[in-house]
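J.: What follows is a structure written as structure tokens; I'll ask about it next.
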Amino acid sequence: QNAALQITPASVSSSSEPKPRCSAAGRAGQFGAASGLAGPFAVPVPLFSLQCPAAPVRPFTTQRVNRLTRGNMQANGAGQNRDSEVSCRNGAQNGESSSAGAAHSNGVVSVTNNGNTVSNNNNNNGVSGQPAANSSNGSSEGKKKKRLSQSEEDVIRLIGQHLHGLGLNQTVDLLMQESGCRLEHPSATKFRNHVMEGEWDKVQPTYLQCTSRMKFLLLQQKYLEYLEDGKVLEALQVLRAELTPLKFNTERIHILSGYLMCSHAEDLRVKAEWEGKGTASRTKLLDKLQTYLPPSVMLPPRRLQTLLKQAVELQRERCLYHNTKLDSGLDSVSLLLDHTCSRKQFPCYTQQILTEHCNEVWFCKFSHNGTKLATGSKDTTVIVWHVDMETQQLKLMRTLEGHAYGVSYLAWSPDDAYLIACGPDDCSELWLWNIQTGELRTKMSQSHEDSLTSVAWNPDGKRFVTGGQRGQFYQCDLDGNLLDSWEGVRVQCLWCLSDGRNVLASDTHQRIRGYSFEDLTDRNIVQEDHPIMSFTVSKNGRLALLNVATQGVHLWDLQDRVLVRKYQGVTQGFYTIHSCLGGHNEDFIASGSEDHKVYIWHRRSELPIAELTGHTRTVNCVSWNPVLPGLLASASDDGTVRIWGPAPFLDVQNAEGLNECCSMDS
């Protein structure tokens, strides 16, 4: 019953005249076209491959054809309730039929075998094609290709650009072909090739819609290359006929005209700060030009690398313990994992305890080059420590004695050659020491009624300012000579700005004001609601870190004159506690506290990321090494100075009490 009838092209009628035997070479599937039946009476005949029997073919009628067709389809298990699949479709012409929604012309139909539909290729003249799809679930439609979203297309283009930069051009072509995306506009490709090949005459027709800036950059490159090649007349023609009519950046055109006087190519490269004719300068030019083109036309240069760098930098910025130099390259990091820094790499472990002072230690300060640490104590001595930059261990360098009072404040000169020491409120003197020789250069005192408790160096290293809460505010030279004074200012703390003209001073009115000794003007910069006990300023002069009585640590923006952040956790009454900015890029803030701890915050976070324990009394001062971001010093009323460092130093130092570390998990 699986046999199929192969019909000859001869016309089929209702006559009883016997028909000749069907030839093996007979063409199948043409009955509908040659039967003479038209319109709704045209009945398609399935395509089969088995020959007719030897007996003469019985006369065919429309009814018999329908019976044979249904019989063969039922024999194949596909005839039940499928009569509609063998009916004429709307719009079928010339014997065209459709099965399961698929259209076939010239007698080509879809054959259903055991419930599996096989869709044949569309062939003319009744010749059946090879199967195009085979579905085991009775579905004749193949899976449609998923349409890519805009973000997916962008990712593919970024990957393609990166692979193209690596020279994997065949891979890029295959990726673009399979995804159906386009790396860049064809005109952009031509534009790029013309620029990289230096084909300036071919570039010109493509930048008719370019901005004047783009045209200027292109013509400038063309002009410089002509000069390097010694084609002075051609270069002059570009300058006069092409660059000048743009009327863009005339100042630069005047500079370009001066390059005509260059005697040789090297002189031209130096004066023009130009890489010379070749790939380097043209690539740099193309990078500039791409900034003026929309990304749909031409992607920005090295866009994928730029995005990856931004992601790495953002992860580093969000890392609370990142305290090393930011490497902008991608070779030093892994892109397979998120960036995280271990707390063990952070300076929250006691590395060394300095016990040479015999009384409360009120102040500590690292030198600008990070090689020395000065500590001042109630025992009237100043000890200078040498810092080994490799082992980060401190050794006593010299002790400075002779102070009549305790030492409450220290200031290093800009070149670290001198150190000034100040006393408490009842001290009217200050001492200027030569650190290299250990000799006292100047002992300054204007009046026995003065109170000189704070000092700050001018950036030139030849002057300094000093003052106190009794209304003294002086500017002096290295010999202690009074240069200028400001009357009636009760100074709590001082800082000289990098411009060398202005001085910041906190006073008893809970404010920080700016003073100029040149024109004797002053202005209010910071206003607090409580007394400002001390403050320090960042290296760039933008931020000020304040210790405010009963309030703790506040960060101010001096330029915008706004309070940026209040840091939580520290305990401060009316003791003078000195905080500091430190770590790499001054991303961290450290402060002592009356609860015997050292608190460390990330500059962007109000909550502390570490609490350093080990001191047994109030921590008066904290100093961060400006060169070694992993080295921190703290001075306390318990008479000790603790040096804090990363965890690896625990293997070097095994003394008692060195196992204290931060007690807070981030």
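Yeah, the Cβs are placed from backbone N, Cα and C, and that goes for glycine too.
Okay, these came from TrEMBL:
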COMPBIAS  1-17  compositional bias 'Polar residues'
REGION    1-27  region 'Disordered'
COMPBIAS  71-81  compositional bias 'Polar residues'
REGION    71-151  region 'Disordered'
COMPBIAS  90-100  compositional bias 'Polar residues'
COMPBIAS  105-140  compositional bias 'Low complexity'
DOMAIN    184-234  domain 'CTLH'
REPEAT    354-395  repeat 'WD'
REPEAT    400-431  repeat 'WD'
REPEAT    612-644  repeat 'WD'
J.: Same chain only, please: residues at least 6 beyond the ends of the repeat 'WD' (612-644) with a C-beta under 8 Å from a C-beta of the stretch. Say none if there are none.
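T.: Beyond its ends, the repeat 'WD' (612-644) has Cβ neighbours at 323-324, 345-355, 357-366, 368-371, 373, 375, 377, 387, 389, 392, 394, 575-584, 588, 590-594, 596-600, 657, 660-663.
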J.: Who are the chain neighbours of the repeat 'WD' (400-431) in space, where the CB to CB distance is under 8 Å and they lie at least 6 residues beyond its ends?
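T.: Same-chain residues near the repeat 'WD' (400-431) but 6 or more away: 359-360, 362-365, 367-369, 371-372, 374-384, 438, 440-457, 459-461, 464, 466, 468-469, 478, 576.
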J.: Can you count helix, strand and coil residues in the repeat 'WD' (354-395) using DSSP?
T.: 0 helix, 21 strand, 21 coil
J.: Can you tell me how the residues of the repeat 'WD' (612-644) break down into helix, strand and coil by DSSP?
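T.: Grouping H, G, I as helix and E, B as strand yields 0 helix, 16 strand, 17 coil.
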